[in-house]
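Structure, as structure tokens:
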Amino acid sequence: MKECDKWGKAFLICDICIIVTAVFTLEWYLFNQPSIRIYDLSVVDAVMKFFFPITDVCFLLLGISFFFYPTIFQSNKKLYLFITVLIGYALIDYTYTFFADDLPSYIIVSLRALYRVLLLCIAIAAAIRDTTRRTSYFIMNPVLGKQLLIIFPYLAITILIGFTLKENTASPTLIIGNCITFIFSLIRHVLARMQNKGLTKALQSFNKQLEDTVKQRTSDLMLQTEIANRKQQKFQSLHEYHPDPIFTIDLNGVVSNVNKAGSTILKVPVSELLGKSWFSIVIERDKPKLAAAIQNAKEKESTSFEILANYNGQTYSFNLTIVPIILNEQVTGIYILVKDITEMKRQQEQIHYLAFHDSLTLTTLGNRAFFHGKLDDYIKHSKINDEKFALLFIDINRFNLINDTLGHKAGDIVLREVATRLQSCIHPDTPLARIDGDEFTILIRNVTDKESLLELCNELIHTVKKPMQVHNHTYHLSLSIGIAIYPEAGTDTTLLFQHADIAMHDAKLKTEHAISFYDESLSKQMGRRLRLEKDLPKAIENEEFFLLYQPQVDSSSYEVIGTEALIRWNHPELGIISPYEFIPIAEESMHILEIGKWALQKACTQMKEWQTLGYSHLKIGVNVSAKGFQQDFFVPSVLSILKETGLAPHCLDLELTERIAMMDEKETLQKLRKLKEIGVHISIDDFGTGYSSLAYLPLYPIDMLKIPREFILMADESKEGKEIITTIISLSHTLHMSVIAEGVETKQQLQFLQQNGCHYVQGYYFSKPLAPEDFLLFLQTHVRCHK
């Protein structure tokens, strides 16, 4: 039966007791009282006499109760069979007990057979297959059943009382039965009153709890409403005053709301943006991006991407973040959060440009990174198309002289002018880069022969060597160009670049305006150069350097008036090495300072020895490097050597290069004046071959100009060469300076110099550079000398 609460159980017990008492009283009065007196029976007989009727009543009531309460059976068929067995057994037992003496024998046999039929029904119920789920079945409507259950106890009392009044008897059975039913009825009413009080208290408690709950819920609801209002205000404040633009659009991209920053960034009022499609703002190329992002938002996904926008003629770079607006699990709109990256993009482009190009204040050409990228592209293209291309490595000769003398600003001017001149000689699409300092590179595609490259290089050289005015100085720049051709000179970026560099350095070792193509022999030359650079410090320590002396002769009397000290390197493995090979290396590594000091000391010592032999009128010329002259200790060092060797200052001729004209004018003048004050003779070596400026000649205390060997050779071949020589001689006379010509090798050259008033000469026509003992022998036997 359905489980009941404690009150329900109490009421049920009272109802059962009332019904059982009423039924049992009527049964006992009607069927047992006429024939049996209970007091005349034994205890066992009395118990048995009561047992069967009570059991029948219980079976009958239990069977009837199934009509009113849901029963838990595995099958409704079992329920019907069980009800039939209970009610049928009670009825048959009543019939058999109370009418056995009055019924015929065949009916008695039939009743006994019915007992077995009922037992068989129980067996059948047990054999019925169970259902998969337990189900409660109501035979009668539950509402009607409850109403009948309430009526049954009172109906039983009414029937019992009515029957008692009808019989009009003082039967103890009826009186006792009425009393017992009244007591149970009274108990039921007491229980009902107690239940009502409990329910009233429970109701009051429930009402109070309900009231407290309602108050709490109301308070919570008000608090939540306040919090929601605050959140809404915060969101509105965040939306409206956010520094980044926030657009609200529908699912078609039409603007329905926008904050102040949105109107500010596009420089239009908010009203103009409302109702406008975002697709009209985005450029055509980026519209698919926006459409894809809106589609993702419809699928509840956020997206960030960059686009270009154009509005009222202004172009913007935006970073957009698309965020779906979801209400009740449905996408009802979209937020577009805009980040203006226009300035950042411009800066990125500028940084990218600067990463691959020269400074905007310099040449604006591509830099090393730019060039390497282009070189990679050229190699890939040439491999695919089986083509050749050339890498030109260009260096401005003696560019450091400009930086060292006139400063880096002047150097920058030269670089810009050289870049402009180089660009004028090539196609605009031809890659040109400044990779470092005064070094430039050019890539030439579709190379078919070396002649076309030579024509281009000669055009570059001719364009760059045109006179250039910088800070009131006129420069005639020269180039050294190394060429590496793909694939002969290499098939990768590193190798091509390295081989072009080797070819450029080979060109620098030649004459000015030299061009050199890379081949395997150049690698060997570079290996030799690297070895000399490595062995140079050891040469100073091991005293591997020595001096030769070339006589300087009076062009009219043929008397020896002095000598020039020329340095050589006696390498223990490579033999005699020319200064033209190792001096540039020494200047790069700053070993030139040690070498220069050693040469000056050695030359002064040697001249002092010859003077002790009677040749006191001779002067000795010693070459001084520009870097050596720049040192603060140069003049004190010269004075110290003269004092140490005992050589008279007027017997020393310091041969400087024209680079001193572009050094600090004040400092240079101070040094030269100090040297002149003590009597040192000063000459300008190789006059006219460097960055010459005639303005410095009257300013500095110079004694002699030296005409270089290149001009002497030029005079044999061209009229221009002779004019250059005569101009230098005339200039020296005008400035009251002596002049000496180097590299005189023929009588014709000597005669030309004599005819044009050149005071002194030196060269192979008189003697090659000699060892000290040979020079002394030369003085004694081959030339008239004063003793």
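Just so it is clear, glycine is given a Cβ too, placed from its N, Cα and C backbone atoms.
The annotation transmembrane segment is assigned in TrEMBL to 12-30 (among others).
Annotation source TrEMBL lists transmembrane segment at 50-72 (among others).
Annotation comment: TrEMBL describes 79-99 (among others) as transmembrane segment.
The feature transmembrane segment is assigned by TrEMBL to 105-128 (among others).
The feature transmembrane segment is assigned by TrEMBL to 148-165 (among others).
Long-range contacts of the transmembrane segment (171-191) within the same chain: residues 7, 10-11, 14-15, 17-18, 21-22, 24-26, 28-29, 33, 153-154, 156-157, 160-161, 163-164, each at least 6 residues beyond the stretch ends and with a Cβ under 8 Å from a Cβ of the stretch. The transmembrane segment feature in TrEMBL is assigned to 171-191 (among others).
For 231-301, the entry in TrEMBL reads domain 'PAS'.
Averaged over the domain 'GGDEF' (387-520), the predicted model reaches a pLDDT of 87. The annotation domain 'GGDEF' is assigned in TrEMBL to 387-520.
Residues annotated as domain 'EAL' in TrEMBL: 529-783.
Using DSSP to sort the residues of the domain 'GGDEF' (387-520) gives these counts of helix, strand and coil: 57 helix, 38 strand, 39 coil. As a summary of secondary structure, the domain 'PAS' (231-301) carries 40 helix, 11 strand, 20 coil according to DSSP.
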